[in-house]
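The structure under discussion appears below in the form of structure tokens.
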Amino acid sequence: MLAFVSPQVLKLLIAFCENQPLLDWSGPTYAVVLFVAAASYTLILQVYHRLNMLAAAKIKTAVIGLIYKKALSITNSSRRKFTTGEVVNLMSADAQQLMDMALNMNLLWSAPFQILLAIYFLWKELGSAVMAGLAVLLLIIPLNAFVASRVKHLKKTHMKAKDQRLKLLNEILHGIKILKLYAWEPSFLQKIVKVREGEMEVLKSSGYLTAFSMLTLTCVPFLVSMASFGVFVMKNNENVLTASTVFTSISLFNILRLPLFDLPTVISSIVQTKISLGRLERFICCDELDPTSIQTEYLGGHAVGFVGASFRWEKTGCAALRELNLKIADESLVAVVGQVGAGKSSLLSAILGEMEKVEGLIQRKGTVAYVSQQAWIQNATLQENILFGANMIESRYHLVMEACCLLPDLELLPHGDQTEIGERGVNLSGGQKQRVSLARAVYADADIYLLDDPLSAVDVHVGNQLLEKVIGPAGLLKNKTRVLVTNSTVVLPLADQILVMDEGRIIEMGSYEKLLSDKQRFADFLEKYCSKPEEKSRPEAEEMHKKDETNVKHGKVSIGSSQENKGRLLMKKEEVATGSVKGSVILKYLNSFGTFWVTLTMLAYISQNTVSLGQNWLLRTWTDEAKQVQEMAKWIELRDSRLRMYGELGVIQALAVCFGAFVLTKGTLQASRTLHYQMLDSILHLPLLFFETTPIGQLVSRSTKDIYVIDERFHYYLRTWFSCLLDVIGTVVVIIVATPLFAVAIVPLGILYFSIQRYYIASSRQIRRLDGASRSPVISHFSETLLGVSTIRAFGYQDRFISQNKEVIYENLVCYYNNVISNRWLAVRLEFVGNLMIFLAALFMVKNKSHLDSGTVGLAMTYALNITATLNFWVRKACEIETNAVAIERICEYSEMDKEAPWTLPTRPPADWPEQGIVHFDKYEARYKRNLEPALHDVSFQTLCKEKVGIVGRTGAGKSTLTNCLFRILEASKGRIFIDGVDISAIGLHDLREKLNIIPQDPVLFSGTVRENLDPLGSHSDSELWMALELCHLKDFVQSLPEHIHHEVAEGGENLSVGQRQLLCLTRALLRKTKVLILDEATASIDLETDNLVQMTIRKTFSDCTILTIAHRLHTIMDSDRVLVLDSGRVVEFDSPENLLEKGGVFYHMVSEAGIIQNGKAKTTNRRR
């Protein structure tokens, strides 16, 4: 209501200046009333904005909390319907959309109310002629409705493309190591670019729709005034446009612009909110795990029981576990064995309640601790990972650390158990991650322990210690119920009960002795892969336990490489820049925008504002001329010519608006495309160490929120700031022309204005940076939770994680609240300056009324009344430019980081290189950081052509570092590596990596079909794929899938067992024909029988290759031509297995511990001669 006071006072002020009464104090009174009304309007509006924004923030927080809570209870089958990117988008984009809608909700009634009030006051000025303007408004509404429907369609398309891009980015970041090892960065870069181009098409269409919205915003007031004034003067020749009528009406039309602009925005926001609500509803309404499917209150004589139970992963799927009848006794050790895909891990999931029960009964007694096959590690300190929210008990903590072989690691880690572990444990080795995961479970002191093959990731020596000191009959868990999924034969004699699984059924069950005496499949398997001397009886196990204790006390256990762990160091906290944003950052955006488009955009907006000023000046001239015309004929001629000129100027303005919107869209798309590509290209060129020390949440945040700012917001802030600047210049010029004395007041007001602006921008910029930095932990914590949801549910810690989520959201809300308050602080002070300008302008007009005509007074005061909003908007947008330029700063930051070596160099190796595959390390030394000791010391050895070399050593001896050096993941500090005589440091990374082949320890799969995972580049035929699948013993499994090789693999390969994932990675390697192959624990997660078949396949398929095999299962390298033994980064032995065993050195002791020596000789199978 207060907004409509100013036009009425303006009307009285113009009348006062026209009549020019002597000694009348009404003029100054009008100036004071204008100031008081504007100041009151400011205070009330800012209080409303503060309360409104806080309410909106509460809605967003509630939605994020609801999504997080749902993610902790959703079924596995429902979870697979959503990628991590989609769920993260629900928390970021869709929750933000609901917040935006809450902010604009009141406009649904206030905007129509303001429009009706404006029409009422216009009726008083123009009479029924205002209906012509109303007709124009009504005509615009269906057009806006059409635009809104198009926006809805485009929004859906855009969100799908954004989800797809985010999903791809997540998979690239999680699988970045395999991308670098296989030199796949360019192909995955093009995949994202292709999706991004789809986004660009949507943004282009959206930009053209924005052109129409801008045309509506700019030209509707003109069309309404044109129609109203035209009908007013044409309806009756006696209707004369006076200054009072014209400028009071224009002031009302200016007030009308804001609700006219807000209403389509609100309609568009409602459309977008409806889409977001649909996406949220789809997720929130997903099936949840049924806690009643398991009888957890059972108090009988056994810990776990199945009675005629069958389970499946999906409602419509086939049963993965069938007809289970089983009782697991209290305090017993149960070993679960079987081939890949037999259902071993599914059995543990059924006990946890992670699967859907089809029929039967399942009972479970007491609390549960779970160790997953792929260790889930939190981005927290080592101690926090082990305690996992439990209270610290020093004696128990030390006991657990010692039993899990973690005490020596504390000396190697930079800050002991206070060392921060990175996301997914990236700064720990595979063995260390598994031991931390095991320690977490042991410390929990649960009743039932579900252990999913925790021994596969550690070497034989450490595995024996864990078995004897933790899992076995003499270990810490001896009085607990333990269900151990394993592929190791060493543990079987120690088990109280063994379950043999095949195709989801328990086909044999009983003690070790009973199964041997039954002489069925299990006995045949043991006879083939194990022999009596290898078995350890319980007394022998206890003796081994005592021996290992002595080794630990005397520091004889090599747990990890000091330099490798220190080199990986800590996760980097997101740096928050300080000070003003450099002008070079804005210039980077403008350069990517294009000088041509920048120039055209500026010309379009200058033209648009100049024409707008010309329209109002024409009205001022018209009113003055109308007073001097006495004859009707001249009046009609004047009226027609001025109306024509007014209309022509309106057409020119419309053309300038459309042209400006068009060139702005073109430039924006070019800037978005360029900056996104530069960011992605820079990220993929960064060394692997960067990804191991940087939370994925930081990268995802920059690819979502920051890219959103560049795509949809930054150009709008620049455009609005420039438009407001032109408005301010126009206003000041008009007022100074009307009353030159105002120029004196401009100087102190300008100083006050810029002081407020400078003070505000410094604070707001930093608050915005903190807001951006505090947003990353929200995304990181959520992504981390999604990865470890099974572990969290197993321990029953959902409530604690919900509390942690609230804490990180609260930190972000603190920054948001400070941002809201700082904006309110700015608005009150800036609008006070603007109100002072209105007051002084009115005062000077009153003082100089004798020298001013009413038209000039009306024009100057009409512009002055707009100065408050314009100044506020101008500074706000200037600040938005600087604070949002932080998004450009953050995106461009990656281009300034140290990159890895170039992918290609002018000096390229021959096309047929390498022909022999001879690998030669010459006095090689490597460091993870310059200030650290070498991780590899003076390593020298040379393979022969087509030689098979096994690489062994304790955990952390430098085996993986050696592989990293061969692929130049880690560069040399001294020495060189030659492959067939070519120095690998002299060629490009991709020229090197494309000629090497590796099967890594962690199986990495991407969402997509089986075919796309095996052949991401699409360079092999279907027949080649089937042949490779057959060689890896996966053909039958893939043929059993509904879509065969076109079957969809879930994100991260979640719908496959870990063993199946590892075999798919092996198949992928078989398709890659190279002369050098590295096997890095390639068969750690598969059973011994399949492992033996795979080893035979490797020997046959890669018979003409040099093979370097890193293995914890020593039997896999016993048939190697030579064995390289590493210790603390040095080569200690390098000879044939037979010679090394005869020497009785380090290798001999490792083989002895593994139980592979029989009667003084090593048991070798399938020895290649």
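Every residue, even glycine, has its Cβ placed from backbone N, Cα and C.
Remember, TrEMBL labels are computer predictions, not curated facts.
As the structure is a computational prediction, the values presented were derived from the model and not from experiment.
Going by TrEMBL, these are the annotated features:
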- 533-552: compositional bias 'Basic and acidic residues' (COMPBIAS)
- 1-272: domain 'ABC transmembrane type-1' (DOMAIN)
- 304-528: domain 'ABC transporter' (DOMAIN)
- 649-873: domain 'ABC transmembrane type-1' (DOMAIN)
- 919-1153: domain 'ABC transporter' (DOMAIN)
- 533-559: region 'Disordered' (REGION)
- 27-48: transmembrane segment (TRANSMEM)
- 106-123: transmembrane segment (TRANSMEM)
- 129-149: transmembrane segment (TRANSMEM)
- 208-234: transmembrane segment (TRANSMEM)
- 721-754: transmembrane segment (TRANSMEM)
- 826-845: transmembrane segment (TRANSMEM)
- 857-875: transmembrane segment (TRANSMEM)
Which residues of the chain, 6 or more past the ends of the transmembrane segment (721-754), have a CB below 8 A from one of its CBs? 602, 605-606, 608-609, 612-613, 830, 833, 836-837, 840-841, 844-845, 847-848, 852, 856-857, 859-860, 863-864, 866-867, 870-871, 873-875, 877-878, 880-881
Stretch among 27-48, 106-123, 208-234 sharing the most Cβ pairs under 8 Å with the transmembrane segment (129-149): 208-234
Would you mind listing the long-range same-chain contacts of the transmembrane segment (27-48), meaning Cβ under 8 Å and 6+ residues beyond its ends? 2-3, 5-6, 9-10, 12-13, 16-17, 824, 827-828, 831-832, 834-836, 838-839, 842-843, 846, 849, 865, 868
Among 1-272, 304-528, 919-1153, the stretch with the most Cβ pairs under 8 Å to the domain 'ABC transmembrane type-1' (649-873) is 1-272
Restricting to the same chain and to residues at least six past its boundaries, which positions have a Cβ under 8 Å from a Cβ of the transmembrane segment (106-123)? 1, 3-4, 7-8, 52, 130, 133-134, 137, 228, 249, 252-253, 255-256, 258-260, 262-263, 265-266
